[in-house]
Each structure stands twice: as C-alpha cells, then as structure tokens.
Amino acid sequence: MAHTAHKNPKKEMFEAPEVIDRKAKVLADLIRKSKHFVVFTGAGVSTSAGIPDFRGPEGVWTLMAQGRQATKKSVDVLQAIPTKTHMALVELQDRGILKGLISQNCDGLHRRSGIRADMISELHGNTNIEYCKNCGKEFLRADFYAVAPDNRPLHDHRTGRKCPICLTQPLHDTIIHFSEDLPLGPWTRAEVHCEKADLCLVLGSSLTVTPANELPELVGERAAAQRKKQQTQQPDTNLVICNLQDTDLDYLCPKPDHRIYARTDDLIDRVMHHLSLPVPDFYVRRKLIVGTDVDANPAGGRHVVTVKGVDEDNSTPASFLRTVKLVTAGGRPRIVKTEPFVLGWRGKIGEMEEEQNGSLAECRADEARVKSETLTLGLEFMGNYGEPGFELQHTVRASMPDNNSDQETSQYRQVASTVYELVYNPRNGTWTGSPYM
C-alpha cells in the first residue's frame, strides 16, 4: 500500500522513438528464437486504458504517501478498453508464440481481452471472479465487481452471494491483500513457466512487490549463471524489462538493449511490426448456453427455455445479462430479471414448420416427423461498454411421435442445448450472434 511507495518516486525516463524501435527489433528476434516465451505484467500495461498505476509520479500509492488527491480522472475499470499491449498478447497467444502470462493486475483486462484462463496466472486475483471454497467452482462476473463489500474486515473475502451449486456456501473474492499468501494454483503455474522460460519479458512493473518479483528474478539469475558458465553474452535464457522507472532487477538484463524505458504500448507496437503480426481490435465476446426442455406431445404441453452465460470454457458461469425476454410465435412476451434466466410457455411445438428427417432414432427411420419453432430471446446486457440489446433467434426442433404411439407423457419430453457466441463491436455499436462451433 502507501508504505510500499516513496514520497519522492523514481524518475520516469522515456527513450527516443528510434532507440525504442532498435530495441524492439532485438526483442522481436529473441521472440522468434524462443521456445518458451513468458510475459510478466504490472500496472503499466493498463495506464493507457485510463487505469492509474501504483508507484509512478501519479500512482495510487505515491499519492497516498504524499497525502495528495488524484488530479486526473480515472476510468471505471469495468468500462476500460483493453490496450494495444493487451491485444498484442492475445495475438501472440493465439499463434502459439506466448506460452505463459503472469500478471500482478487485478483489473481483469487480460481475461476481457481474450487471454484464456489456462494461459494466465493472476497472482493477485481478479476483481471479476469469485469462487466457492467448498466445491472450488469459479464464477466470472464480467460486468460487475465480484469483491467483498467495503464494510467487511480486510481479510474477510465473502462477497455476500451464495454458491448456486452448493446453495448455502458463501462465495469469496480472489483479491490478495498485503500480508496474504498468494493463491497456490496460479503461483505454481507461474513458477513452472519461469523454470521453463528461455525468454521472460517484463512489461510495466516496478518489480517491487514480493514474492511476485521473484519469478522474473528466477529467469534473470538463470541467464546470469549461463553467462558466467559460458563466458558469453549470448545465454540460452534472457530477461527483458520494459518499465519507465528503474527496477531492482535491471542488473539481470544481459545487454543494454534488453532494458527498455518506454510505455508498453509504444514498445509492443514496434515489436509486432518487426514480427509482421497485426494487433487485433478489441471486441466484447460473450458466450451463452440456451437450453430447452419441450413437450413433443401432439396435443401440446408446457415448455421451458433456460439462458445462462458461460466463460470461454463453456463451463464457468459468467454474469453479463440484466434481463432476458422470451417471445414465442403466438404467446405474450415473458421477461425474467434475475439469474437463473428460466422462462416457460405453453402450446404446440411446430405449428410453423414440419420437415422430413429420417435420422432420428426415436422415430421411424423412413419417415421421422420433425417440427420446429423459432423463439426470440431479447437480451439486455449490463452495458458497461454501452452495448445495446440484442435479439437472438433460437430454433427449437422436436421429433413428433407417431400418431398411434402409446408413449407415456414423460417420454414426450425432449431436452437440447446450443452454445452461442455473441460479439459486440464497440466501434460501430453492433452485435452479431451465431452458434459456437
């Protein structure tokens, strides 16, 4: 906190554009040759998104140490757009170049940008994730803060919500406060990556906080040992640091070109140029599972549709919807304003369409009768990026029993689910949605 920052912070230094470009070319060459490339990020990767750092001249802890108030208005983290650095790391991940990402940041921008859960080790937690200690399940709250209320004691991490799986067990935030142990899982993954790393790039970190700073130090010390043993300036392992202020690990950078004084976006822009790789635009990506439980009885019956958000693993629950409205072909609209989003309707399935399909096992192989009905699901989002609502068209298909069938009522019920990917373009304010393949 404030006691970890100086009243007189270290001076920020900015190298000339041509120097940054030269060092970016050196770094790009190292990345090409690397077999296990790891990146370690700090608050400096998010400053261009409008989120302040901690130990810079206007950093959060610096201002507290000086007894000053912030002079610049910061962006609400939930509304922050991932930076060029965030998006470049996604591109490197998707191409298989980046093997591991270690972050001290709690702002959630890495996950929001498209970094996979299995790629990142969030050492200090994520303000958008809460979990159940009993069953171990994590819940991604993409559009609200999943943190303990301010009126709770510092080390009481209960968020006030209950686990929807265990029902009675409290959910806890993942934020790590000073003096608390780092989470074992992320720490172990990060340590394994650093033991394998032949290139570790530090972006926007003062490398002040322990034990997190011991991870790039591990890579740097291995590089130093290799140089000493081989008597060469070309070790098999390299540590590169990009930060505006000096760090305590600068001495472990093998060459002057491996220590870069630049904003992370400025460096990454030139690195991607020298790698001939694009920096992708940011899109808001959401995944939905639409499940249906319909009554295929020709006489009609009661049907249920369930809508739930999930993370990129199609399993971890994700909260980003405010309301869901169901509109059927002939019924009145129904709306649900709280999770779980479960809506029902009555009637016959498929008065709109009947088609032949001989592949359904439960029907006669030569003349299966399938009826379908299109549901309109009106989705209202929490809207931190100003997202408008979106109408998702979901088709329900039911194989109808033979008219002479003597099936019991329970055997008419048919359950199905579809995963959809919704993509929002914040540049033109439009949604697209399609089944996720």
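From the backbone N, Cα and C atoms, a Cβ is placed for every residue, glycine too.
As recorded in TrEMBL, the features of this protein are as follows:
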- 17-278: domain 'Deacetylase sirtuin-type' (DOMAIN)
- HIS124: active site, proton acceptor (ACT_SITE)
- CYS132, CYS135, CYS163, CYS166: Zn(2+) binding site (BINDING)
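In sequence order, LYS133, ASN134, GLY136, LYS137, PRO164, ILE165, LEU167, GLN169, LEU171 are the same-chain residues whose CB sits within 8 A of the CB centroid of CYS132, CYS135, CYS163, CYS166, the residues recorded for Zn(2+) being left out.
Restricting the average to the domain 'Deacetylase sirtuin-type' (17-278) gives a pLDDT of 90. When the neighbouring Cβ atoms lying within 10 Å are counted for each of the binding-site residues (CYS135, CYS163, CYS166), the highest count belongs to CYS163. Of all the Cβ atoms in the protein chains shown, 18 others lie within 10 Å of the Cβ of HIS124 (active site, proton acceptor).
Of all the Cβ atoms in the protein chains shown, 19 others lie within 10 Å of the Cβ of CYS132 (Zn(2+) binding site).
Distance between Cα atoms for CYS132 (Zn(2+) binding site) and the residue listed as 'active site, proton acceptor': 17 Å, as a whole number. For the pair CYS163 (Zn(2+) binding site) and the residue listed as 'active site, proton acceptor', the C-alpha distance works out to 22 angstrom. Reported as a whole number, the C-alpha separation between CYS166 (Zn(2+) binding site) and the residue listed as 'active site, proton acceptor' equals 26 Å. It is 21 Å from the Cα atom of CYS135 (Zn(2+) binding site) to that of HIS124 (active site, proton acceptor).
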